[in-house]
Amino acid sequence: MIKVAINGYGTIGKRVADAVSAQKDMEIIGVSKTKPSAEALIAVQRGYPIYIADMSKKDAFAKAGIPVAGSVEDMLKKADIVVDGTPGGVGESNKALYEKAGVKAIWQGGEDHEVAGFSFNAHANYKDAIGRQFVRVVSCNTTGLCRVIKAVDDAFGVVKVRAVMVRRGADPHVVKKGPIDAVVLDPPTIPSHHGPDVNTVLPHIDIVTMAMIVPTTQMHMHAITIELKKEVSRDDVLAVMRSHNRIGLVQPKTAIKSTAELKEYVMDMGRPRSDLWENGIFEASVNMVGKELFFFQAIHQEADVVIENVDAIRAMMGEVRDPETSIRMTNEAMQFTAL
């Protein structure tokens, strides 16, 4: 069994913890929190040992009825690998801690590529991650882009990608962040960081991205144009999308045309936390004009990287060397079939 620690049991960390726990070849040996919270109480209910960075706060946890198993350093001693789920920019400061502990580590897309020197997507570069000590799983938006660009490039060849990212303003539980009544260019300059981030995984792709933030919490939306190397039919493209085990098609018969309706649909399906782990491509939007492919896709910012973290763990530990085998193991353990 691969022994996994979660440093930062928040939006991503708690989801990765549950995903890891569902796997037959992994176990959670501990999670970390900085202060008592509802999430910490849920971790206790789930049976995850809780570790803290500042042992002077142990009494505060005790008063909240949350047992503390030890320090983060204690947790790392028991782990084969740690998934860093701390807020963007914080994870980099933990690198020295992981190096000292001699533990493998995975960071999230909020950190720069340089923190690990390798950025990961299971379908694109799993084999290159085998045996690595440090890996960064790219962000939710970049994950969604990499999945579909890689699939289309393998099938037809890609000349260039142009994409507009309409990003949610905050996660649903966040009350101190906006905007409330504005569309914010983020950044106002072009390109946004998403294109260069795709190039950390798919360096040969010509891609330019633009991004804005809007007053919603339920997923990002991408408007994507891909110029292909040859003319293909819409049916050819849809066949590639349907065959991908982490790309889902939102079918016209559902009458879904918004992220809110899609989130509700996924919740009604019984997904944990109403998580959309796959790309949600709106089938009606898929269109070919000459060699240009157009479509919209919804990306659930809290969820799509979770399954990528599980595959990154397997790759780094080196016991499963075939990407499709790991992807299948992850999906099946989570009872996940793409839309």
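Using N, Cα and C of the backbone, Cβ positions are placed for all residues, glycine too.
Annotated NAD(+)-binding residues in Swiss-Prot are T11, I12, R168, Q301, and among G65, G70, G110 the one listed with them is G110. Apart from the site residues T11, I12, G110, R168, Q301, the chain places the Cβ of C140, D171, E302 no farther than 8 Å from the centroid of the site's Cβ atoms, the recorded NAD(+) location.
Around the Cβ of T11 (NAD(+) binding site), the same chain contributes G85, D171, H173, E302, each under 8 angstroms and 6 or more positions distant in sequence.
The DSSP secondary structure for G110 (NAD(+) binding site) is coil.
Around H194 (D-glyceraldehyde 3-phosphate binding site), the same-chain residues at least 6 positions away in sequence with a Cβ under 8 Å from its Cβ are S139, N141, T142, L145, A163, M165, T209, A211.
Between the CA atoms of C140 (active site, nucleophile) and G110 (NAD(+) binding site) there is a gap of 10 Å.
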